[in-house]
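J.: A single structure is presented below for examination.
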Amino acid sequence: MAVEYNQSTDYYYEENEMNDTHDYSQYEVICIKEEVRKFAKVFLPAFFTIAFIIGLAGNSTVVAIYAYYKKRRTKTDVYILNLAVADLFLLFTLPFWAVNAVHGWVLGKIMCKVTSALYTVNFVSGMQFLACISTDRYWAVTKAPSQSGVGKPCWVICFCVWVAAILLSIPQLVFYTVNHKARCVPIFPYHLGTSMKASIQILEICIGFIIPFLIMAVCYFITAKTLIKMPNIKKSQPLKVLFTVVIVFIVTQLPYNIVKFCQAIDIIYSLITDCDMSKRMDVAIQITESIALFHSCLNPVLYVFMGTSFKNYIMKVAKKYGSWRRQRQNVEEIPFESEDATEPTSTFSI
């Protein structure tokens with residue numbers, strides 16, 4: 001997968017560069033894509049900076065609270081924690097791609113491979129953990145709640161998700177390199193046919209979008225039906241959260257995967273022979289994948305901050321921090337009269 005606007009997942013040959021999405025050596029006329037590169041130099045660094053700041057703040061808060069304050073965790077807590085970790089690692093690759101868009105790849109061949117693989121691992125694992133959360137919410141609402149806490153199966157599922165994502169990143173580790181134009185791009189041996197390239201593209205779409213989406217859609221649909229039938233409970237807030245989660249997933253992920261699928265079809269049948277159309281496809285992949293990765297910034301809001309208990313806990317932490325600041329000021333003013341006033345930490349649930 002990797003960042004396709006900086007390094008296409010179509011696995012083009014050596015003569016391709018950063019934003020080229022087709023090997024135009026097969027055509028009589030060379031397609032010059034200077035406008036696409038200029039757009040990338042402006043759009044990508046600006047968008048990545050915004051995504052990095054917002055995503056780092058939200059996901060770091062989630063990880064810190066789960067790691068240091070909430071010791072007793074449910075299955076959903078474990079999935080959300082893994083999701084936040086995946087989102088953080090994904091966000092940490094963005095500064096490298098921002099520099100790559102402007103100055104080219106300056107960190108060498110090994111870092112090109114590692115950064116590309118990290119992007120794929122955490123993008124794919126994030127989508128899978130979203131599916132895990134929906135499955136757990138389905139079981140929590142429609143079946144009898146488990147009394148055993150997290151349990152071994154939950155950790156096995158997390159392990160399998162990470163392993164699957166790592167396996168999907170193998171093409172990045174093997175084929176990504178720095179070309180003669182200082183771009184971190186995939187360079188495949190010539191004997192690998194278009195069917196192999198398209199197969200990898202389709203596999204990424206299936207694992208990174210179709211499978212998680214189908215799981216989420218089915219689980220949340222059944223969960224919503226069950227909630228509606230339940231008497232004497234407040235239904236508006238849970239249903240609103242379910243609806244928001246599904247809509248945000250569709251809005252952020254569907255456009256990118258549609259463009260990605262069009263690329264895969266073009267790899268097989270070479271449908272795009274017009275230079276202007278190829279440029280529009282390149283810009284489309286830049287914009288849609290940026291929107292797709294922005295989902296990592298929204299996950300803390302959708303899965304954590306919308307929970308009343310979590311918001312209450314944040315308020316308690318803020319009050320405790322304010323009390324600590326006032327105490328520090330009193331210590332500086334009247335050090336011999338200071339006391340260590342503490343407040344017990346309470347747990348919360350999603």
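Each Cβ is built from the backbone N, Cα and C atoms, and glycine gets one as well.
These figures come from a predicted structure and were not determined experimentally.
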J.: Can you check whether Swiss-Prot puts Tyr138 on the same side of the membrane as Gln327?
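T.: Result: yes, Tyr138 and Gln327 share a side in Swiss-Prot.
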J.: According to Swiss-Prot, which candidate among Cys31, Cys184, Cys206 shares a disulfide with Cys112?
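T.: According to Swiss-Prot, the disulfide partner of Cys112 among Cys31, Cys184, Cys206 is Cys184.
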J.: Over the topological domain 'Extracellular' (266-283), what is the model's mean pLDDT?
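T.: The predicted confidence over the topological domain 'Extracellular' (266-283), as a mean pLDDT, is 87.
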J.: What stretch, picked from 42-66, 80-99, 154-175, 200-222, 242-265, has the most CB pairs under 8 A with the transmembrane segment (114-135)?
T.: 154-175
J.: On a simple 10 Å Cβ count over all chains shown, which one of the disulfide-bonded residues Cys112, Cys184 is most densely packed?
T.: Cys184
J.: Near the transmembrane segment (42-66), which same-chain residues lie under 8 Å Cβ to Cβ, leaving out any that are not at least 6 residues past its ends?
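T.: The answer is 5-6, 73, 77, 80-81, 84-85, 87-88, 91, 94-95, 97-99, 101-102, 286-287, 290, 293-294, 296-297, 299-301, 304-305, 310, 313-314, 317.
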